[in-house]
Amino acid sequence: MTTIAVLGAGKIGEALLSGLLSGGRRPDELLFTERAPERSAELTKRYGISAVTVAQAAERADVLVVAVKPQDIGPVLDDLAPLLHEGKLIVSLCAGLPTSLYESRLPEGTPVVRVMPNTPMVVGEAMSAISPGRNATSAHLALVEELLACVGTVVKVPESQQDAVTALSGSGPAYFFYLVEAMIDAGILLGLPRNVSEKLIVQSAVGAAKMLAETGEHPVTLREAVTSPAGTTINAIRELENHGVRAALLAAIEAARDRSVELGRAHEDRPS
Ligand SMILES: NC(=O)C1=CN([C@@H]2O[C@H](COP(=O)(O)OP(=O)(O)OC[C@H]3O[C@@H](n4cnc5c(N)ncnc54)[C@H](O)[C@@H]3O)[C@@H](O)[C@H]2O)C=CC1
Ligand SMILES: O=C(O)[C@@H]1CCC=N1
């Protein structure tokens, strides 16, 4: 039995715990640490998983999944460093933080795998990208892949691509939610009741996502099939082009990538 401890049970930590439970893990195979006591109590009540101290997590778990904000990593590493025994695997879900940060602050030889998941994990539809650090073996990577496969799709990428992945699929769900929110507003502008507008757009998003995933067709082909000559869609597309929506998306995702790099660099100066 592999025991997994999630360090920091916020949004993504909870999504992972609930996904692992749905994927067949038992509550006694899972542990978590959480700084906020009310949050701890709430999660134990909801899932029957034990809240533990960092020392207990380091002692009892085989895999320690770090899911605190990148800005909160310092105290987690300080706490873990003197407690970590050989053979424990560290999995980092933190945006921007390189495996080298963990390797320099934790005992020599500690294996680390960097992961960028996303919140559709809560419905078993995560997109997770995984990269091994220098001490992680193919067996470690296979274990992480197996764990994340319970909550969605997994790809392996070189760590040098993780900042781009973070900007694209880590943050990606937020861009879709933002677009859906704006389109619901458009329905309101055109006089539709809010509940009708929501239903129309959410189902259109689900249908479009399924077509992308299931037909194997390129998005351009799918869009062209909707865009009739002298029809309605082309008028909307012209406005999107006029307002630079494509360029805005390129710039937005580039800015997210830059922030991921910056979050990693914020920890570079501290001596190991
Ligand atoms: N929310 C998202 O869509 C995604 C988040 N991530 C990464 O996951 C990490 C967590 O993000 P969220 O879940 O959104 O944040 P969050 O703020 O919801 O969760 C972080 C949790 O860690 C707890 N915490 C902080 N310091 C702690 C400590 N020393 N010991 C125990 N618990 C501690 C906080 O109380 C909080 O509950 C971040 O590093 C983020 O980059 C990665 C992919 C997607
Ligand atoms: O916004 C963030 O920093 C995190 C990382 C990827 C998604 N959410």
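Just so you know, glycine gets a Cβ as well, placed from its N, Cα and C.
Sequence annotations record features per position, and here TrEMBL assigns domain 'Pyrroline-5-carboxylate reductase catalytic N-terminal' to 3-96.
DSSP classifies P70 (NADP(+) binding site) as helix under the three-state reduction. Among the features that TrEMBL reports, NADP(+) binding site is placed at A67, V68, K69, P70.
Per TrEMBL, domain 'Pyrroline-5-carboxylate reductase dimerisation' is recorded for 159-263. Mean model confidence for the domain 'Pyrroline-5-carboxylate reductase dimerisation' (159-263) is a pLDDT of 98.
Using a 10 Å Cβ-Cβ cutoff, V68 (NADP(+) binding site) registers 24 neighbours. Applying an 8 A CB threshold to same-chain residues 6+ apart, the list for A67 (NADP(+) binding site) reads V6, L7, G8, A9, G10, I12, G13, L16, L93, C94. Of the chain residues outside the NADP(+) site list A67, V68, K69, P70, G8, G10, V66, Q71, D72, I73, V76, L93, C94 have their Cβ within 8 Å of the site's Cβ mean position. Just so you know, of the binding-site residues K69, P70, the Cβ with the fewest other Cβ atoms around it within 10 Å is the one at K69.
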